[in-house]
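Presented below is the structure to which this report refers.
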Amino acid sequence: MTSSKLDRRKKYTQSVLKDSLMKILKEKQMSSITVKEICERADINRSTFYSHYNDQFDLLDKVEDEIIEDMTGYLSQFNYKKEEDAIKMLEKLLEYFASKQEICQTLLNEKIDTTFQKKVMKFAKQFFIESWISDNNVDEDITEYLSIFVISGCIHMIRSWLNNRMDKSPKEMAQLINNLINKGLLGV
């Protein structure tokens, strides 16, 4: 069998397993999901599952890491120091979230015990501090609070936007988020 055929099969299997996990996560907590349940939903046998992942938490971890990796790719294309780039970067990230709406909505759900929001916070905080705060003469002692304030607000706005069936375009949301970050309540 050719290598490309195996790669396609492998990608298909991983995709089906990820989709199955996301569907089950809409129904119950991660702590009560079993490998058997994921495999039944995916119509994949357990030995195949274990050839790809250690357990259900490893599968979830891979899904979360894939999204963080994609976000890193989007952010690396922009210079956050320029406001127009910041808006374009936010717009591209929101377009990405929209394209992965079901997965992102599930992973950002407050009722689900995933580590995704913590990973996003850590990733965004590092990016925020490196790209924005360091160039804006913000005291180090308030840097932590400022980054948490801005990033938490952004995550909650994105969650609300996804839950409201993306009632605004990514461009409108990017502009709104940017205005609130830079102008506060006067930005609306």
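Cβ from N, Cα, C; glycine included.
Here TrEMBL flags 11-71 as domain 'HTH tetR-type'.
The DNA-binding region (34-53): residue composition by secondary structure is 15 helix, 0 strand, 5 coil, according to DSSP. According to TrEMBL, the DNA-binding region annotation covers 34-53.
Averaged across the DNA-binding region (34-53), pLDDT in this predicted model comes to 96.
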